[in-house]
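Asker: This is the structure, below, for whatever I ask next.
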Amino acid sequence: MKRYVVGISGASGVILAVKLIKELVNAKHQVEVIISPSGRKTLYYELGCQSFDALFSEENLEYIHTHSIQAIESSLASGSCPVEATIIIPCSMTTVAAISIGLADNLLRRVADVALKERRPLILVPRETPLHTIHLENLLKLSKSGATIFPPMPMWYFKPQSVEDLENALVGKILAYLNIPSDLTKQWSNPE
């Protein structure tokens with residue numbers, strides 16, 4: 001069993017995090033979850049959910065550990081804590097900006113900082129449009145520092161029939177990037 005950190009910041013698209021966590025759990029991985037206060041508000045607004053745990057079965061919760069964003073004393077804040085990858089999904093531009101300047105003032109930002117300094121996979125799924133120059137410069141800076149910028153772009157070539165198809169394709173692509181098998185992962189094949 002491998003350990004993954006999933007951070008949820010205050011950007012729209014929290015369903016992507018929920019789907020990713022479910023897929024990681026289905027693959028029997030341990031998932032450490034950190035949710036920002038704005039992320040909790042978005043969770044309620046977009047999914048109508050008061051409690052993060054209510055989104056998962058009792059069996060799934062055995063693999064999920066939720067951490068307070070203020071728990072800077074968490075083992076996750078140390079480079080000695082083994083983590084396969086950190087994924088911040090969705091990732092607000094506030095979080096992008098903070099990470100890009102090394103501001104590690106809460107557990108979510110510290111875990112991202114640790115991923116960069118330890119040269120571990122850090123995947124950021126920024127949810128903002130349009131992007132202005134400062135957004136782009138911050139994302140470029142993070143990319144140059146080793147982060148993978150994974151914007152939630154629709155994959156029209158799979159001919160999605162619903163928004164859920166688009167969500168699943170993105171989550172499947174993240175899982176494929178992490179080399180985690182999933183039924184959500186699709187591979188392009190030329191229809192000719």
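Think of each number as a place in line: the chain as shown, counted from 1.
Backbone N, Cα and C define each Cβ position, glycine as well.
Bear in mind that the values here come from a model prediction, so they are computed numbers and not experimental data.
When I checked Swiss-Prot for this same protein, it listed these features:
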- Gly10, Ala11, Ser12, Ser36, Ser92, Met93, Thr94, Thr95, Arg127: FMN binding site (BINDING)
- Tyr157, Lys173: dimethylallyl phosphate binding site (BINDING)
Asker: Report, as a single number, how many Cβ atoms besides its own are within 10 Å of the Cβ of Gly10 (FMN binding site).
Answerer: 21
Asker: Give the residue from the binding-site residues Ser12, Ser92, Thr94 that has the most other Cβ atoms within 10 Å of its Cβ, counting over every protein chain displayed.
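Answerer: Most Cβ neighbours within 10 Å: Ser92.
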Asker: Return the count of C-beta atoms lying within 10 angstroms of the C-beta of Arg127 (FMN binding site), excluding that atom itself.
Answerer: 20
Asker: Kindly assign Tyr157 (dimethylallyl phosphate binding site) to one of the three DSSP-derived states: helix, strand or coil.
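Answerer: Assignment for Tyr157 (dimethylallyl phosphate binding site) reads helix.
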Asker: List the Cα distance (Å, whole number) between Tyr157 (dimethylallyl phosphate binding site) and Thr94 (FMN binding site).
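Answerer: Here the two Cα atoms are 32 Å apart.
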Asker: Including all protein chains shown, what's the count of other C-beta atoms within 10 A of the C-beta of Lys173 (dimethylallyl phosphate binding site)?
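Answerer: 18, counting other Cβ atoms within 10 Å of Lys173 (dimethylallyl phosphate binding site).
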Asker: Can you tell me the CA-to-CA distance separating Gly10 (FMN binding site) and Lys173 (dimethylallyl phosphate binding site), as a whole number of Å?
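Answerer: So the Cα of Lys173 (dimethylallyl phosphate binding site) lies 22 Å away from that of Gly10 (FMN binding site).
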Asker: For the recorded FMN site formed by Gly10, Ala11, Ser12, Ser36, Ser92, Met93, Thr94, Thr95, Arg127, name the remaining residues of the chain with Cβ within 8 Å of the site's Cβ center, in chain order.
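Answerer: Result: Ser9, Ser38, Gly39, Pro90, Cys91, Val96, Pro126, Glu128.
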